[in-house]
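Database features, via TrEMBL:
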{"type": "TRANSMEM", "residues": "6-27", "note": "transmembrane segment"}
{"type": "TRANSMEM", "residues": "60-81", "note": "transmembrane segment"}
{"type": "TRANSMEM", "residues": "93-113", "note": "transmembrane segment"}
{"type": "TRANSMEM", "residues": "125-149", "note": "transmembrane segment"}
{"type": "TRANSMEM", "residues": "155-183", "note": "transmembrane segment"}
{"type": "TRANSMEM", "residues": "246-269", "note": "transmembrane segment"}
{"type": "TRANSMEM", "residues": "289-306", "note": "transmembrane segment"}
{"type": "TRANSMEM", "residues": "327-347", "note": "transmembrane segment"}
{"type": "TRANSMEM", "residues": "367-384", "note": "transmembrane segment"}
{"type": "TRANSMEM", "residues": "391-408", "note": "transmembrane segment"}
{"type": "TRANSMEM", "residues": "437-455", "note": "transmembrane segment"}
């Protein structure tokens, strides 16, 4: 990092942290007590603070990573600064842990952007810093910086593991992946993603060698064609059935293999992925979650994905491959018909934005979910088009992980989309400065509206004295 870039990055990070601290103070003044899921997380963390490590709230579904880290930070700080009484492990103190994770995420996002786009000399220092700031205030993640939820810590350890993987420190990456798993069990998928980065790299090298031997066209020239896909699948089968290749890949990915093995042992002993209350978190094949995620991504990345040029390219592709798109449409309609699930929380809790999305869009008419298929197809095409700079093996690996992490979820919850979105956004090419500024402005407006509603547009339920607030 050059000196001018270091100064610019320090100014951006310091300014963002200062503004976050001011917002943090305002939120804690208005909402002093636990809110929503904090009603479970905060008492559990406070029990750990008092040394009651065997006490466990059966309504909590995640492992105790957040509480262990909180105690590991708060207790030494209390001893160092002489804090006593209600200050230690108070609601505000516990929430502040996520503000620290937010600062860590800012730094990790910058390092990841720098590493992933290292070979792109056209990217300026200002663009890197601007993209870092934009992703650091990504609305769905940024909101939970100010509450005691698992999301900021989950993102921190997962991004840290990804960074270490890219630098070849795979044992450290697997250890950080374990920390991420302790925050949220589904993060094991991103451990597989890290291992998949190694496998995709080796496959890409072997594929290029294969093409060179056959004096074929360049690797990327026919990416996406059906015949090319068949050849790639044949190559994958041949490569992965080779004992020598499997031994090589095992030697490279063994730290991740150990962690995945630990995960399966945990699932066997626990009797499932979820700890605590499982009645509301049953796994199912909820394929439309992929369509929701693609729509979510187009919404939050519209400066990159929803452009006149892309729309023209999509229409041209549609005209050139009508049979393929017709088949995709039929499959999509079938998946929506057979595999759409509506969680009871989605219909009952009017504090979340998803409640209003479902009611205002999907519940308008029973055919709406089918009418949206063309939108989903465009979103999927645009999504894949922005990843065309990556190797086909990386793309396949990412999509497998994406499906594994969102399809089993019955509940439509935007928080489940945070990590797959961030990893996608980190890996697409840098857009123009104008589009970056538009994206940042859009995020700032969304955050301002969200926090305004959360702080000022409160309401009450019948037969309840508690103040309710709108949130992601």
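Heads up, the Cβ atoms here are built off N, Cα and C, so glycines get one too.
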Check your understanding: Relative to the transmembrane segment (289-306), which of 246-269, 367-384, 391-408 accounts for the most Cβ pairs at distances under 8 Å?
Key -> 367-384
Point to revise | Leading contact stretch, 60-81, 125-149, 391-408 vs the transmembrane segment (437-455) - CB distance under 8 Å | key: 125-149
Practice item. Mark yes when the transmembrane segment (391-408) and the transmembrane segment (6-27) have three or more Cβ pairs under 8 Å (sequence separation 6 or more) and no when they do not. Key: no
Point to revise | Top Cβ-contact partner of the transmembrane segment (246-269) among 125-149, 155-183, 367-384 (pairs under 8 Å) | key: 155-183
Point to revise | Range from 60-81, 125-149, 367-384 with most C-beta pairs under 8 A to the transmembrane segment (155-183) | key: 60-81
Check your understanding: Short question: which residues 6 or more past the ends of the transmembrane segment (367-384) have a Cβ under 8 Å from it?
Key -> 224, 288, 291, 294-295, 297-298, 305-306, 310-311, 314, 317, 325, 328-329, 332-333, 336-337, 340, 361, 395, 424
